[in-house]
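Following: one structure in structure tokens, then a few remarks.
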Amino acid sequence: MAQSHEMMSRKPPGLRLFGGASSLRSYQTLVLVLTFFAYACFHMTRKITSIVKSALDPQTKVGFSHWGRLHTHNSLNVGWLPFNTVDGSALLGEIDVAFLAVYSIGMFFAGHIGDRMDLRIFLTIGMLGTAIFTTLFGAGYWLNVHNFYYFLVIQMASGLFQSIGWPSVVAVVGNWFGKSKRGLIMGIWNAHTSIGNIAGSLLAAFLLKFGWGWSFAIPSLIMAFVGLVVFIFLPVNPEVMEIDIDSGEYSCEKNSVKEPLLEPGQEVKHKAVGFLEAWRIPGVAPFALCLFFSKLVAYTFLYWLPFYISHTRIGNEYLSDAMAGSLSTIFDVGGVLGGVLAGHISDRLNARAVTAASFMYCAIPALFLYRTYGSVSIMWNICLMFITGMFVNGPYALITTAVSADLGTHSSLNGNSRALATVTAIIDGTGSVGAAVGPLLTGYISSKSWSAVFTMLMAAALLAGLLLTQLVCAELKGKVSSSVTKNAEAQGTYSDEV
């Protein structure tokens, strides 16, 4: 009776009030939709600073039509102290790295906590906290704040709450879905990253004309609302909803859920996996280090692409800050396709490492071509940006979703599902360190040469691919052995028939 009361107390209040869904598939759909919009909101608020940068530091636009020629263009906008000074770009870079440093450190703790408390409540705290501190950053506009440390501290606090989001949503989705077609499902679901970036870019760019503070305030209100919806309706796992996947009521869904994370009828008695134990799971370390360099590239584009576009002459003219912000969304559109393709290909090949490494190697020429020919015209810029986004975001999406969920339910854990948030946090937390390093270096390097920035990004993409070499060789060796075994069995069968 006490156990039943505990289960009821963990059920979302909205589902207790209005009644649960009629089938397992309905719950899975609800989980996908809620976590999709939840994490899209995290990225929507995270994207704002990259759009507002050009309004804060617009004094001199410096760009290159190709790898050598320098152009300057003076903007009429006076900007916002202290960011409209000579060191403005460096200060903005320091704010980015402070946010991402706290985000990456917080990620490790968030995963540890997430495996030990109600993920619905934990995710809600992350969303509401992020909304509050994003609003406070924008409040600097109305309060006429020009103190650099005000914005620095606010962004650090925002990074702490942002770190709660990813381990929570991946753990919840992993609880409801088995490994079958996980790459494709999570590749499509991971479009929330790009959708959030696009929504944040378009909304922030539109609101800039009313004052840059509004670019922070309105998205924060949207996030707070979605956070409340998550608190009211998100079911964390089948056990919370008292769903028995062996029962006759869900027999039609049972066949569609392959390799459930918990064996049928198994009670949740496992201890949460420790931090060092999670690191020792085969594949966690190389994928985590690969993501370090993958996110270095992806987050440099996330935070600096609108700034780069507005400060680079494209087709012999400079674009407005709002236009640059809108145009930068093409990168994320390409990222949606890249995430879906990477997930689908890895499912078909059953080779996560081969797929991720191949995409990273393809990102190198894509980055070179975008830097070299992206300034020729708007059309060239759009096409090359789309291709670059596809190859850069493909492996990033694959590793942070399907790979993390695979490793969080690795066979070495003997059915223990309480490692999902911890493994996800380790992989994405390590990647987030790279996400902090990239924008920081870009803040300093871009003031001297954007060509050097792109050289850094191409080197990072190469290292990301090389770090998976051992896993790639293991996957290819497994494919060859499997093929040889199948051929031998086929020949044996043929000989018996003869």
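Glycine residues also receive a Cβ, built from the backbone N, Cα and C atoms like all the rest.
Quick caveat, the model's predicted, so the values are computed rather than measured.
Here TrEMBL flags 31-477 as domain 'Major facilitator superfamily (MFS) profile'.
The feature transmembrane segment is assigned by TrEMBL to 26-45 (among others).
According to TrEMBL, the transmembrane segment annotation covers 90-109 (among others).
Marked as transmembrane segment by TrEMBL: 121-143 (among others). Note on the transmembrane segment (121-143): residues 38, 41-42, 45, 48-49, 80, 110, 113-114, 150-151, 154-155, 157-158, 160-165, 168-169, 172, 211-217, 219-221, 223-224, 226-228, 230-231, 234 of its chain, located 6 or more positions outside it, place their CB under 8 angstroms from a CB of the stretch.
Annotation source TrEMBL lists transmembrane segment at 149-177 (among others). Taking Cβ pairs closer than 8 Å, the transmembrane segment (149-177) reaches residues 27-28, 31-32, 35, 38-39, 42, 45-46, 49, 94-96, 98-107, 109-111, 114-115, 119-120, 122-123, 125-127, 129-130, 133-134, 136-137, 140, 185-186, 189, 234, 236-238, 257, 261, 400-401, 404-405, 408-409, 417, 420-422, 424-425, 428-429, 432 in its own chain, all 6 or more past its ends.
Among the features that TrEMBL reports, transmembrane segment is placed at 189-208 (among others).
Summarising the annotation, TrEMBL assigns transmembrane segment to 214-234 (among others).
Marked as transmembrane segment by TrEMBL: 279-302 (among others).
Outside the transmembrane segment (322-341), and at least 6 residues removed from its termini, the chain residues within Cβ reach (under 8 Å) are 50-51, 54, 184, 187-188, 190-191, 193-195, 197-198, 201-202, 204-206, 208-209, 301, 305-307, 309-310, 359, 378, 381-382, 385-394, 396-398, 401. Annotated transmembrane segment per TrEMBL: 322-341 (among others), in sequence order.
TrEMBL lists 353-372 (among others) with the feature transmembrane segment.
Here TrEMBL flags 378-399 (among others) as transmembrane segment.
Among the features that TrEMBL reports, transmembrane segment is placed at 420-445 (among others). Note on the transmembrane segment (420-445): residues 89-94, 96-97, 99-101, 103-105, 107-112, 114-115, 119, 163, 166-168, 170-171, 174-175, 261, 272-275, 278-279, 281, 284, 287-289, 291-300, 302-304, 396, 399-400, 403-405, 407-409, 452-453, 456-457, 460 of its chain, located 6 or more positions outside it, place their CB under 8 angstroms from a CB of the stretch.
Cβ atoms under 8 Å from those of the transmembrane segment (451-473) belong to residues 64, 67-68, 283, 286-287, 289-294, 296-297, 300, 304, 353-354, 356-358, 360-361, 363-364, 367-368, 370-371, 392, 395, 434, 438, 441-442, 445 of the same chain, restricted to positions at least 6 beyond its ends. Annotation source TrEMBL lists transmembrane segment at 451-473 (among others).
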